[in-house]
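Peer 1: Can you keep this structure in mind? I'll have questions shortly.
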Amino acid sequence: MAFAHFVLIHTICHGAWIWHKLKPLLEALGHKVTALDLAASGVDPRQIEEIGSFDEYSEPLLTFLEALPPGEKVILVGESCGGLNIAIAADKYCEKIAAAVFHNSVLPDTEHCPSYVVDKLMEVFPDWKDTTYFTYTKDGKEITGLKLGFTLLRENLYTLCGPEEYELAKMLTRKGSLFQNILAKRPFFTKEGYGSIKKIYVWTDQDEIFLPEFQLWQIENYKPDKVYKVEGGDHKLQLTKTKEIAEILQEVADTYN
């Protein structure tokens with residue numbers, strides 16, 4: 001059994017806390033696990049209005065990878081919109097990434113602008129229910145921010161999670177942004193960087209926000225090296241199918257680490 005260093009990457013409006021069930025399980029198996037708070041997320045003191053792009057939002061991940069000792073490699077695990085953080089990081093530090101796991105996640109490609117998969121998500125799932133939106137200006141650019149609605153959280157993200165998990169999400173989610181208009185003008189992700197890393201895609205057809213239509217489209221659009229389909233669960237597989245995700249990550253470590 002191989003041991004790996006997993007770096008867990010949360011989605012927008014969330015924080016490292018989303019991994020609280022998976023992290024100790026992986027550590028009990030002997031793995032090293034780092035769960036990061038991205039900019040203006042979790043306990044990071046910045047506010048989203050201070051952040052002007054998905055790249056700036058990814059700064060804690062980039063800083064972490066920069067500081068890794070020479071020769072050390074990690075396995076990135078990104079949930080939901082965390083796939084964009086993976087792509088940004090891989091373009092800068094592909095030599096430090098043994099593999100990347102996309103957990104019910106956006107899967108960017110290298111043939112279209114970085115907003116391409118987000119645009120498709122919005123086409124497939126346009127109604128974010130009671131989510132509230134606002135605009136702010138950073139570096140002369142108008143950015144749309146959002147605060148996830150409690151109905152959306154319960155019905156579409158934490159669909160099968162227990163009441164405690166849902167309460168945690170209501171208490172700890174913060175304002176965030178998809179930076180969709182900024183991503184639309186960002187340079188494409190590169191074949192030499194992001195395109196060169198091993199990609200593992202994990203999904204369930206019971207996801208109520210990343211619908212099967214969207215997930216199957218992503219798999220076809222930018223074929224990953226390996227696909228795992230989890231039976232049951234919801235958008236937050238790390239909470240509803242924790243054991244199954246840990247088993248998949250062990251297999252990833254055995255294969256790619």
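Just so you know, glycine gets a Cβ as well, placed from its N, Cα and C.
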Peer 1: For the 2-hydroxy-2-methylpropanenitrile site that Swiss-Prot assigns to Thr11, Ser80, which of Lys236, Lys241, Lys243 is also named?
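Peer 2: Candidate listed by Swiss-Prot for the same site: Lys236.
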Peer 1: Please state how far apart, in Å and to a whole number, the two most distant Cα atoms are among Thr11, Ser80, Lys236, the recorded 2-hydroxy-2-methylpropanenitrile-binding residues.
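Peer 2: Farthest Cα pair among residues binding 2-hydroxy-2-methylpropanenitrile: 11 Å.
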Peer 1: Do you know offhand how many angstrom separate Lys236 (2-hydroxy-2-methylpropanenitrile binding site) and Ser80 ((S)-mandelonitrile binding site) by C-alpha?
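Peer 2: With distance taken Cα to Cα, Ser80 ((S)-mandelonitrile binding site) is 9 Å from Lys236 (2-hydroxy-2-methylpropanenitrile binding site).
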Peer 1: Would you mind checking how many other C-beta atoms are within 10 angstroms of the C-beta on His235 (active site, proton donor/acceptor)?
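Peer 2: Around the Cβ of His235 (active site, proton donor/acceptor), 26 other Cβ atoms lie within 10 Å.
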Peer 1: For the recorded 2-hydroxy-2-methylpropanenitrile site, enumerate neighbouring residues of the same chain (Cβ within 8 Å of the Cβ centroid of Thr11, Ser80, Lys236, site residues themselves excluded), in sequence order.
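Peer 2: After dropping the recorded site residues, what remains is His10, His14, Ile18, Glu79, Cys81, Gly82, His103, Asn104, Ser105, Leu157, His235.
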Peer 1: In whole Å, how far is Thr11 ((S)-mandelonitrile binding site) from Asp207 (site 'Increases basicity of active site His') when you measure between their Cα atoms?
Peer 2: 15
Peer 1: What's the CA to CA span in angstrom from Ser80 ((S)-mandelonitrile binding site) over to His235 (active site, proton donor/acceptor)?
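Peer 2: Just about 8 Å between their Cα atoms.
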